[in-house]
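Trainee: Pasting a structure below so you can have a look.
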Amino acid sequence: MMISGVIFTTPYFFFPSISFSNKLIPATSAGINYVIRCSTSTPGLPVTTERLRNDAPLTGGAFDFEKATTSLTKKLLDSPKKVTIVRHGLSSWNEESRVQGSSNLSVLSEKGAMQAERCKMALSDMHFDQCFSSPISRAKTTAEIIWKGKEEPLVFLDSLKEAHLFFLEGMTNEDAKRIYPKEYTTWREDPSNFCVDGVYPLQKLWGRAHEAWEEILLTPGEHFLVVTHKSILRALICTALGLGPERFRSVDINNGGLCVFKLNKEGEAMLHSLNMTAHMYTDHVYHY
């Protein structure tokens, strides 16, 4: 069994050696990339290293420590930040399997209100300097339940609104698939190429996600709570991780699910937790 193409990039760290198959390979020069070819099952297979050009293209910034993250603010923050993002509780249109989008006609259901209460209890030991929310009803009501009793007023941001899905909004998924098969299938299977009259909703969404990050992170304080919708939440996650609209459906968030990001003073984000839902099924209280 042969494994090849394992890449180590060492711009900051000095390793005294890297050991494979009982052979030592020196790796003491900063800024050098090595491809290490090794075997996990074939005894005696020679171990070789191959130095790559410094400008060799690598797929995905995470392979290059110098470019693993980018600043979401392009300016220095007053302190490191922590951001907890909550997807709103179950809505009436969630229950009816309708396409929601930016419509304000879908409201928080009785079960959704219970989920919001669970979020409030789960976060009861956490201190938040500010809560930001989408002004759309189902998110707004969720935020009002979670934030009830706090002195600081809720802040509603238009940048946290859900994606606008035009004529699909309000339709059941079954009807949308039957009446607009091409558009619906594109939205579900190739969303970054979903287009209506020359408008690409995900491009708009990515722009608003960047705008939301700046509005939130440039606010005084160190820990923020954000309540919003699944599509914009996906865009917030992807933009923080440097991923484009084509990765939109690579993450999923349950109703009432929590995501946590930590950011340094340069505005670079690290994903701490993705879609935490223990509080939906137990009386778990978070500490992080």
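Backbone N, Cα and C atoms are what each Cβ position is placed from, and that goes for glycine too.
These came from TrEMBL, pasted as-is:
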- Arg87, His88, Gly89, Leu90, Ser91, Ser92, Trp93, Asn94, Arg138: substrate binding site (BINDING)
- His88: active site, tele-phosphohistidine intermediate (ACT_SITE)
- Glu162: active site, proton donor/acceptor (ACT_SITE)
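How buried are these features, and what lies next to them?
Mentor: Under a cutoff of 8 A between CB atoms, and with a sequence separation of 6+ in the same chain, the neighbours of Arg87 (substrate binding site) are Thr228, His229, Lys230, Leu233, Ile253, Asn254, Asn255, Gly256, Gly257.
Sequence-distant contacts (6 or more apart, same chain, Cβ under 8 Å) of His88 (active site, tele-phosphohistidine intermediate) comprise Leu108, Gly112, Ala116, Ser134, Arg138, Ala139, Thr141, Thr142, Val227, Thr228, His229, Asn255, Gly256.
The Cβ of Glu162 (active site, proton donor/acceptor) has 26 neighbouring Cβ atoms from other residues within 10 Å, across all protein chains displayed.
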Trainee: Using CB atoms and a 10 A radius, I'd like the single residue among the binding-site residues Gly89, Trp93 with the highest neighbour count.
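Mentor: Of the binding-site residues Gly89, Trp93, the most buried by Cβ count within 10 Å is Gly89.
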Trainee: With an 8 Å cut-off on Cβ distance to the Arg87, His88, Gly89, Leu90, Ser91, Ser92, Trp93, Asn94, Arg138 Cβ center, who else from the chain surrounds the substrate site?
Mentor: Glu95, Gln100, Ser106, Val107, Leu108, Ser109, Gly112, Thr142, Asn255
Trainee: Specify the count of other C-beta atoms within 10 Å of the C-beta of Ser91 (substrate binding site).
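Mentor: 25, counting other Cβ atoms within 10 Å of Ser91 (substrate binding site).
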